[in-house]
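First up is the structure itself, then whatever we jot down about it.
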Amino acid sequence: MAYLVWGKGRSGLAAFNLLKAKGFKAYIGDDKEDKNLWQDVWNEIDTVVLSPGIPPFHPLWKEAIKSSKEVIGETELAYRFYKGKNIIAVTGTDGKSTTVHLIHHFTSFKEGGNFGTPFSEIVLDNDKENVALEASSFQGKTLDTFRPNVGVFLNFSKDHLDWHPSLEDYLLSKQKIFKNQTQEDILILNAQKPVCDTPSLAKKIFFGENGDLKVVGSDVYYKDELLIENISHPSLKGLHNLYNIAVASFVAFSMGISLEEIKKNLETFEALPFRYQYLGNFEGIDICNDSKSTTVNALMSALESTKAPILLIAGGIDKGGDFSSIEAYKDKIKAVFLYGKDKNLIKDQIEHFLKVYVLEDLESALLKVKEQARKGDTILFSPACASFDMFESYKHRGEVFNELVKKHFNS
């Protein structure tokens, strides 16, 4: 049995190292340095292990299907060597990392997957480790035997259509994460369609306003009985984050962690940066950095959670979202400041109901916002777009925004 790992990022290297440690013949390459390698070793290999960034239309993927070679991802590979009993898998368009980080904090399970440590790296270190994995649609598409005993599907909205051939494929790739669950397993689902229709034999628990698990004020109820009182957290503002806490708490409770311990652990939780991160009050103006917002759905959650009047900074590379949907929040938004590659495309969708300024870059946008801001306003940086037109990643974008705030505002 021989493998070809394609992609030399952290997950690709982790997969390659795991295979070598297990004594398998394996090659590793990528499009930048080893473009022809896969053709040179094609007749020797049985299985192709693709990194999450390799899309279905990549020539290697197409050739593998044509040649009837097995195509899997790093998560599936790691699972085949995993000997532990507890895998929690969390997916959704938004909120995955925060929820996994909460579960890790409540349970001490090793966190990883799409964010942080690759599953293969965890398995190589300890193949019996209890794990909480963030699972993306890219990883879901290349799963086969993977089976989490606890699954979570937080939400679903249009995203990644530059990678998936259709919205249906994006949804099916996420649902595939749970296809091997049995009646012994648990699947926690958003009560809204299409998430609630996810096929699985697992015991299903729905969350949301009309679900089994719901947030009322800041309290969590399960089947109309109080489960946990006051789950509010200063770094996790908004209803969407209360549900992230509620779901993570329920997962931890289902794994045997007491409600008292969950509450105690919540008090010491430190939120991940750039996810609706409150930077502070500057000369009477609140500033929030939500650079992780790469979809309109994430922007909507941020707008829902932010006190008016809002000065919104957004823009970057549009991912096919419907920006006209923010009309529902037009009474909260004082003005919108757009920058980035698709600023004019976004402007065309919202200028008939909002005051819009179009700027050259993020710093220009922030300076224009500073001109317009008054005491009591909230500056919300929630781009709702990919970052790669001007930044290396959403993290880099978030770091730049924080530096610009330090440069132009006095605390």
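Backbone N, Cα and C define each Cβ position, glycine as well.
Its Cβ placed at the centre, Asp94 (ATP binding site) has 25 other Cβ atoms within 10 Å. Classification of Asp94 (ATP binding site) by DSSP places it in coil, neither helical nor stranded. Per Swiss-Prot, the feature ATP binding site maps to Gly92, Thr93, Asp94, Gly95, Lys96, Ser97, Thr98; the stated evidence is sequence analysis.
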What other residues of this chain sit with their CB within 8 A of the center of the CB atoms of Gly92, Thr93, Asp94, Gly95, Lys96, Ser97, Thr98, the recorded ATP site? Val90, Thr99, Leu154, Asn155, Asn244
Please list residues from the chain of Thr93 (ATP binding site) whose Cβ is under 8 angstroms from its Cβ, counting only those at least six apart in sequence. Leu154, Asn155, Phe156, Ser157, Asp159, Thr295, Asn297, Ala298
